[in-house]
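Below is one structure, written out as structure tokens; the observations come after it.
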Amino acid sequence: MKRKTIIGAVLAIGVVGIGFAFWMMWRPEIPVASQHQNAGRESLDRGRRVVEAGDCAVCHTRPGGAYMAGGLPLVTPFGTLFTTNITPDRETGIGEWSLDAFERAMREGIARDGHFLYPAFPYVHYRKMSDADIADAYAFLMSVDPVKYTAPENHIIFPMNFRPLVSFWNLLFLHGEPLEPLPERSALWNRGRYLVEGAGHCSSCHSPLNLIGGEKSSELFNGGVVDGWTAPALRGMAMAEHPWNEAQLVAYLTGEVAQGHGAAAGPMLPVSLSIAQMPTEDAHAIAQYILDLEKTSSAVTLPPCASTAKPGAKALSGASLFDGACASCHGSAAPMRVIEARPALANTSAVTADSPRNLIQTILQGIPMSTAAPSHYMPSFAHSLDDAQLAALAEYLRNESCATRPWKDLEKTIKSIRAQEQQP
Amino acid sequence: MITLDINGKTHELDIPEDMPLLYALRNQVGLNGAKYGCGLGQCGACTVLVNDKPVFSCLTPCGALAGKSVRTVESLGSAEQPGPLQKAFIDVQAAQCGYCIAGMIVRAQALLEANPQPDDETIRRHMAPNLCRCGTHVRILAAIKSVIAQGAKG
């Protein structure tokens, strides 16, 4: 009798457990959509802007590849993912997806066939978008040229290569509803909040991630590292030592050179070129919302920056490296500075930042020619300066900008960045 | 004094360490192959090899070259005995005005030394930093591909 009870209990727990696992980790397939009708011109125009706001092409188009056909590698702590083909090709893209399937993917991270998508696809943010925006984005994506292309296989480490486990991740991080405007704030601010927290998914890069790759909610917008570049904190920018104003941030966000600060480089460059395609009011809205983000962390108070002349053998060598390698564009009398009134390097974010990472990355990789006019191009110095010279140059520039807070471990940082980069 | 290793020869030069390599090559050493184009690292006319990698010599301070080897277009052959790339550029008549050609040949040389059988996409991506205002790119690509077809290492 007793034995039967135990067996019964074990069975019951087993059934409940299987049922729970099934409920957690199984999602139904959504039926294949019939051929798509082309949406109206207005919906397509709106959809194009939503897709720019969501930076879809930044990840879903690989260098030299077809628009939205995927194949860009995303390096994560859990392995390398390749972005998927989101053109309307029925075989290799999302041509068989109905609007319902697309909306479920955007809000819950589930593909049409029911498999869990990895959270590198920012559905935790996209779920905050409005129904109308998601429908317009769908209409636009269904109108781009269908391309037959399948991305390479992902290389994800065990156990995260078992996709249903993402359901537990979702339990922790997938919440929030479509954003409702706050009535006490202006329409522009609300638009900025909607773009930054929804489609723009700014915090995906500009927040530190926890051990399982979720954004630390207590540290939201406090800055992170992405592709070896610092994604700076977005809080307190209006109050920073080198404060940003709206006009400067709008210029920066739209692929131009921001007076007194510099221009987007690294992974932010394609993002800024995307924002440049959106209506100017949207860039203003994003800037206004970001400049309104206040500091939350009780950061250690640092001594104020100051530039003090610190003559020494090393600084001297940094100065002559600057004169020979940098001054023809960045010297105070260079045409590049005089004609375009570009800021001195000492004022740029790369030099005023607490980490030397972005300065080093910019010198090593340069800034490619872009579609922005005029493009803020910079050549790569990876092959002409060695680690010690880079360190001397960075030390010299930092000394010009913030001698009171010198960068530590410069050569170590340079070595680790070089090791990450595969220079051509 | 600055010591430079150029085309296998050591030069002791009385020049400031911030002098760009291009100026030393042309004015001090008398190697006029590399050209001054933009002085901003945007055109590639000044391209030379430093430790076998292509660099813009107009933005490379001489003080940064201690212990490194510099190679210019002159090291690849002479008018009488042109190297494989130089000969191919002449054969397909890749030069229009010719100002960019030394830089083009040197950059192509770096590619073929590292990768003797690059595909078209790799060649285009590698050569992209060097500009030609005459628009001879098609012939430049043809010259590089003819060297690859011969199996010669630049």
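Just so you know, the numbers here start at 1 and follow the chain as drawn.
Glycine is no exception: its Cβ is also placed from the backbone N, Cα and C atoms.
Under the heading heme c 1 binding site, TrEMBL lists A:Cys56, A:Cys59, A:His60. Sequence-distant neighbours of A:His60 (heme c 1 binding site) (same chain, six or more apart, CB under 8 Å from its CB) are A:Met68, A:Ala69, A:Gly70, A:Leu72, A:Thr83, A:Thr84, A:Asn85, A:Ile86, listed in sequence order.
What TrEMBL lists as heme c 2 binding site is A:Cys202, A:Cys205, A:His206. Counting Cβ atoms from all protein chains shown, A:His206 (heme c 2 binding site) has 24 others lying within 10 Å of its own Cβ.
A 10 Å cutoff on Cβ-Cβ distances gives A:His330 (heme c 3 binding site) a total of 19 other Cβ atoms nearby, all chains included. As annotated by TrEMBL, heme c 3 binding site applies to A:Cys326, A:Cys329, A:His330.
As annotated by TrEMBL, domain 'Cytochrome c' applies to A:42-145 (among others).
Under the heading domain 'Cytochrome c', TrEMBL lists A:187-294 (among others).
According to TrEMBL, the domain 'Cytochrome c' annotation covers A:313-401 (among others).
According to TrEMBL, the transmembrane segment annotation covers A:7-26.
For the heme c 1 site, the Cβ centre of A:Cys56, A:Cys59, A:His60 serves as reference, and the other residues of the chain with Cβ at most 8 Å from it are A:Gly54, A:Asp55, A:Ala57, A:Val58, A:Thr61, A:Met68, A:Gly70, A:Leu72, A:Thr83, A:Ile86. Shown in sequence order, A:Phe322, A:Ala325, A:Ala327, A:Ser328, A:Gly331, A:Ala334, A:Met336, A:Leu345 are the same-chain residues outside A:Cys326, A:Cys329, A:His330 whose Cβ sits within 8 Å of the Cβ centre of the heme c 3 site. In the three-state DSSP classification, A:Cys202 (heme c 2 binding site) falls within coil.
Counting every protein chain shown, the Cβ of A:Cys59 (heme c 1 binding site) has 20 other Cβ atoms within 10 Å. Its Cβ taken as reference, A:Cys56 (heme c 1 binding site) is surrounded by 21 other Cβ atoms within 10 Å in the chains shown.
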